[in-house]
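Undergrad: What follows is a single structure, and I will ask about it in a moment.
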Amino acid sequence: MTGFSDSQRLMQHHFPPAVPTCRSSLVSTTGNSYKSIDEVETVKTQNFPGVKFKSWPLPTDITQTLEKTEIIDDRSKYTSLDVERDFPAISFARSFGVTHWLFFFIHSTLEQLKVVVPICGFIELFSVVILQTPTPAPGVTILGMCACVLGLGFFLEGLTFGVMPLGEAFGDSLRYVAQRSEIAVFLIAFGLGIGVTYAEPAVGVLRLEGKAVDPALDPYVYTLLQLWPSTLVMTIATGVGVSCVLG
């Protein structure tokens, strides 16, 4: 047995997985002694191909006998009580879950405040000092700023943890498509360019702003935004799609 305390494990891995792949991480198939980490990894690879082990720090004296691993084949039988029994540090670490997410939320909010507050402050200062126009409904303005900060935070985190990994996986899979047909890759890029354009919020804002155009002053802009909005958006989308193909 390795005599690692829960505190040592917690210091190395603050948040262990809810369902570990094995009950012990110091792995040996025979209970023999090994003299190097490489030898241990070789034994794990040969005897348990395809099994991902959760590795706690190896002992200082690597020549001591390592504990034999018990592989969990059916994870449905491995309950949370079994996890806390085999890894008591997990129950201690879970108590920090709320604190972890709280600090994460505060950090994300502060990052967005650094962007939103200077911009809003500059606009407010310019309106009051230069234009000498007081801010209408300051309470509503502050509430809108708070909503903007929260929205940007959730939006960026959603991109980081959701859209970007999905895009990376999709882009990686295109390599195999390109080996079969390059034309298929061009068609996919063209379709993505069109789809991204229709999903762009600025296009929707452009349509809304078209309602404020005076046809007597800007007849061409009024015609594009009011009479042919779908044609305008499709033209923009086609240009973006072609750019994706050429780029």
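Quick reminder: no glycine exception, Cβ is built from N, Cα and C everywhere.
Sharing the record's features from TrEMBL:
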TRANSMEM  113-133  transmembrane segment
TRANSMEM  139-163  transmembrane segment
TRANSMEM  183-206  transmembrane segment
TRANSMEM  226-246  transmembrane segment
Undergrad: At a C-beta cut-off of under 8 Å, are there same-chain residues at least 6 beyond the transmembrane segment (139-163) that contact it? List them, or none.
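TA: Result: 105, 108-109, 111-113, 115-117, 120.
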Undergrad: By Cβ distance under 8 Å, which residues at least 6 away from the ends of the transmembrane segment (113-133) in the same chain are close to it?
TA: 145, 148-149, 152
Undergrad: Near the transmembrane segment (226-246), which residues from the same chain, at least 6 beyond its ends, have a CB less than 8 A from one of its CBs?
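TA: Apart from its flanks, the transmembrane segment (226-246) reaches 186, 189-194, 196-198, 203, 207, 210-211, 213, 215.
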Undergrad: Near the transmembrane segment (183-206), which residues from the same chain, at least 6 beyond its ends, have a CB less than 8 A from one of its CBs?
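TA: Same-chain contacts beyond the flanks: 174, 177, 225, 233, 236-238, 240-245.
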